[in-house]
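Here is what TrEMBL says about this protein:
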type     : residues                                                                                           : note
DOMAIN   : 3-123                                                                                              : domain 'Dihydrodipicolinate reductase N-terminal'
BINDING  : GLY8, ALA9, ALA10, GLY11, ALA12, MET13, ASP48, GLY94, THR95, THR96, ALA120, PRO121, ASN122, PHE123 : NAD(+) binding site
DOMAIN   : 127-259                                                                                            : domain 'Dihydrodipicolinate reductase C-terminal'
ACT_SITE : HIS150                                                                                             : active site, proton donor/acceptor
BINDING  : HIS151, GLY160, THR161                                                                             : (S)-2,3,4,5-tetrahydrodipicolinate binding site
ACT_SITE : LYS154                                                                                             : active site, proton donor
REGION   : 172-192                                                                                            : region 'Disordered'
Amino acid sequence: MKKVLIAGAAGAMGQKAVELVNSLPDVQLTAVLAPHLVAAQAAQYHLDATVKVYHQLADIENGVADVWIDFTLPDAVYENVKFAIQHGMRPIVGTTGLTDDQEEELVQLSDQQHLGGLIAPNFGMSAVLLMKFAKEAAVYFPDVEIIEMHHADKKDAPSGTALSTAKLIDQVREEHETSPDEQESLPGSRGGDYHGIKIHAVRLPGYIAHEQVLFGGAGEALTIRQDSFDRQSFMSGVKVALEKIDQLDHLVIGLENIL
Ligand SMILES: NC(=O)C1=CN([C@@H]2O[C@H](COP(=O)(O)OP(=O)(O)OC[C@H]3O[C@@H](n4cnc5c(N)ncnc54)[C@H](OP(=O)(O)O)[C@@H]3O)[C@@H](O)[C@H]2O)C=CC1
Ligand SMILES: O=C(O)C1=N[C@H](C(=O)O)C[C@H](O)C1
């Protein structure tokens, strides 16, 4: 039986992860890290009496779990995952906002500890396919912009998925000039800029997680779009990660690399 700790168990994604782990026969939820969850709320969050509730990293006991699932916040994820690896727990990380340097440090640390894991900016199949198709299209359409749309509570911008999409496109598209004399009469109007790829982040109630990649060519355009209408859409990816985690001998970046 694989023992699992969920960090961020009281959050929107953490609650879905608790439901998933509770539904699987060969894994057991043994602990959660949830800073503000009090004992009286445990049942409401589907945590049975055997689940240990920790409020801070320092309290977590050795051996409490084999796997660390992280759906927390951009400013917490690095310390959490470092702690997990240092204490022998294989990380499955959905939290976005890790910098390239932090990701690299965690990969090195997991190599030193001979511990595999996964960091995935998106566990949804539609987003994984969108990124794959966008990378393919960018070879033929180097002019591209990204629009991501999320719920109003999202803390980070742009989304991890949008940033990953831009990085994948950047790997394949040919060097080319963007309009050098462009001027913004309202600062920020043209969006964020990743190596010349504009990223626009929309935050509105009613949305969950959506992305469009717009390619423009001479007299034609191509739009690739994905929509996550429900957070359940991310759970099939987390389930695959749980199934494969023991076979990973490296900290893998991207769900597509374990499918
Ligand atoms: N990879 C993927 O497929 C997906 C990734 N995400 C990402 O997952 C992350 C979480 O999203 P979401 O669930 O919507 O966010 P929420 O704000 O709903 O939940 C975040 C949770 O993290 C908890 N938390 C805050 N600080 C810490 C800490 N230091 N240690 C442990 N827990 C902490 C919060 O607890 P409290 O409120 O008590 O402070 C809260 O319950 C985001 O980065 C988001 O981008 C989201 C969807 C899909
Ligand atoms: O915060 C979210 O909701 C999501 N975050 C991830 C991201 O930043 O890409 C994945 C998905 O877009 C939902």
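Cβ coordinates come from backbone N, Cα and C, glycine included.
Values in this document were obtained by computation on a predicted structure and should not be read as measured data.
Ligand 1 lies within reach of GLY8, ALA12, ALA120 from the recorded positions GLY8, ALA12, ALA120, HIS150, THR161, judged by a C-beta closer than 6 angstroms to any of its atoms. Contact annotation for recorded positions (ALA12, ASP48, ASN122, LYS154, GLY160, THR161) versus ligand 2: ASN122, LYS154, GLY160, THR161, each with CB under 6 Å from a ligand atom. Secondary structure from DSSP puts GLY160 ((S)-2,3,4,5-tetrahydrodipicolinate binding site) in a helix.
Counting Cβ atoms from all protein chains shown, THR95 (NAD(+) binding site) has 25 others lying within 10 Å of its own Cβ. On the backbone, the CA of THR161 ((S)-2,3,4,5-tetrahydrodipicolinate binding site) and the CA of LYS154 (active site, proton donor) stand 13 Å apart. If you take the Cα of ASP48 (NAD(+) binding site) and the Cα of the residue listed as 'active site, proton donor', they are about 29 angstrom apart, rounded to a whole number.
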